[in-house]
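Trainee: Once you've had a glance at the structure underneath, I'll fire off some questions.
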Amino acid sequence: MPKRGKKGAVAEDGDELRTEPEAKKSKTAAKKNDKEAAGEGPALYEDPPDQKTSPSGKPATLKICSWNVDGLRAWIKKKGLDWVKEEAPDILCLQETKCSENKLPAELQELPGLSHQYWSAPSDKEGYSGVGLLSRQCPLKVSYGIGDEEHDQEGRVIVAEFDSFVLVTAYVPNAGRGLVRLEYRQRWDEAFRKFLKGLASRKPLVLCGDLNVAHEEIDLRNPKGNKKNAGFTPQERQGFGELLQAVPLADSFRHLYPNTPYAYTFWTYMMNARSKNVGWRLDYFLLSHSLLPALCDSKIRSKALGSDHCPITLYLAL
């Protein structure tokens with residue numbers, strides 16, 4: 001299908017910010033490259049107008065939003081719910097809620113239409129991890145986790161089955177500062193891949209959420225300085241590539257915008273990274289290939305505030 005578009009910062013949870021100037025070509029170019037590498041150049045991303053029809057001209061019938069909110073209560077105080085009300089998705093997926101189900105903010109009941117709400121959080125770690133799925137339509141079936149005890153202790157996955165697809169929202173484990181959880185992350189990646197492959201063999205799959213990896217160099221601002229940092233190690237990038245191939249799944253944003261640079265979904269709170277757009281693309285909508293004819297658009301709402309991540313939106317014509 002026709003393509004619609006046209007190349008970092010540090011993994012979340014506080015890894016050090018590194019920048020590296022590009023190769024010098026001339027004095028003027030060198031200054032410009034140095035500024036852009038330091039996050040000071042005009043390397044901003046403008047979300048283009050929403051495309052609400054499929055390649056065949058069918059109008060979009062489903063709108064899904066995903067957002068790592070970095071704590072539900074703080075996100076609500078920062079007016080995150082106002083954005084959701086304006087965006088008006090059919091399904092809303094939230095990650096890093098940091099909130100047990102019995103302590104959910106009452107304001108969540110004010111979301112118009114999103115009355116079917118499902119939550120998962122660690123049973124023994126208040127204020128850590130957690131995901132939510134809110135829907136206008138009642139799913140046929142909802143389950144939690146990936147069926148593997150090692151990986152189902154931290155409230156990271158919700159699966160909702162609908163008539164024509166299965167939706168998985170996930171908050172993938174971070175390899176951590178100093179890569180202290182990289183080995184665990186690799187075990188997770190393998191188990192998650194097998195789980196998703198099983199789901200996708202029965203019904204078309206949509207996977208969304210904070211997948212905690214920038215797949216290619218175009219997906220973060222300073223790739224050279226982050227190859228040994230969580231979110232951009234060779235192991236994590238390889239694991240993501242294997243996920244795409246084995247399930248198989250397509251990265252909806254790169255399918256439509258293969259060469260669009262500076263399109264990020266996460267910015268560390270340090271060093272004014274967001275205002276300089278020194279970011280990472282860690283949040284994704286991945287689709288079964290059979291859903292690509294229904295893909296209308298995959299959006300990065302980079303101007304929406306309320307978290308160190310921004311929301312992303314998917315339009316499908318089902």
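Keep in mind that glycine also has a Cβ here, set from the backbone N, Cα and C atoms.
Okay, these came from Swiss-Prot:
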type     : residues    : note
COMPBIAS : 16-38       : compositional bias 'Basic and acidic residues'
DISULFID : CYS65-CYS93 : disulfide bond
MOD_RES  : SER54       : phosphoserine
REGION   : 23-33       : region 'Necessary for interaction with NPM1 and for efficient rRNA binding'
MOTIF    : 8-13        : motif 'Nuclear localization signal (NLS)'
SITE     : ASN212      : site 'Transition state stabilizer'
SITE     : ASP283      : site 'Important for catalytic activity'
SITE     : HIS309      : site 'Interaction with DNA substrate'
Trainee: Which ones, of the recorded positions SER54, CYS65, CYS93, ASN212, HIS309, have a Cα no more than 10 Å from the Cα of ASP283 (site 'Important for catalytic activity')?
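Mentor: So far as Cα distances go, the recorded positions lying within 10 Å of ASP283 (site 'Important for catalytic activity') are ASN212, HIS309.
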Trainee: Based on Cα distances to CYS65 (disulfide bond), point out the closest of the recorded positions SER54, ASN212, HIS309.
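Mentor: Result: the closest of the recorded positions to CYS65 (disulfide bond) is HIS309.
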Trainee: Of all the disulfide-bonded residues here, CYS65, CYS93, which one's CB has the most other CB atoms within 10 A?
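Mentor: Counting Cβ neighbours within 10 Å, the top one is CYS93.
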Trainee: Measuring Cα to Cα, how far is CYS93 (disulfide bond) from HIS309 (site 'Interaction with DNA substrate') in Å?
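Mentor: On Cα coordinates alone, these residues lie 13 Å apart.
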Trainee: Determine the most Cβ-crowded residue among the recorded positions SER54, ASN212, using a 10 Å radius around each Cβ and all protein chains in the structure.
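Mentor: Its Cβ has the most other Cβ atoms within 10 Å: ASN212.
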Trainee: Looking only at the region 'Necessary for interaction with NPM1 and for efficient rRNA binding' (23-33), what is the mean pLDDT?
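Mentor: Residues in the region 'Necessary for interaction with NPM1 and for efficient rRNA binding' (23-33) carry a mean pLDDT of 41 in this prediction.
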Trainee: Whole-number Å distance between the CA of ASN212 (site 'Transition state stabilizer') and the CA of the residue listed as 'phosphoserine'?
Mentor: 29
Trainee: How big is the Cα-to-Cα gap, in Å, between SER54 (phosphoserine) and HIS309 (site 'Interaction with DNA substrate')?
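Mentor: Answer for this pair: 27 Å between alpha carbons.
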Trainee: Using DSSP and collapsing to three states, where does ASP283 (site 'Important for catalytic activity') fall: helix, strand or coil?
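Mentor: Strand, per DSSP.
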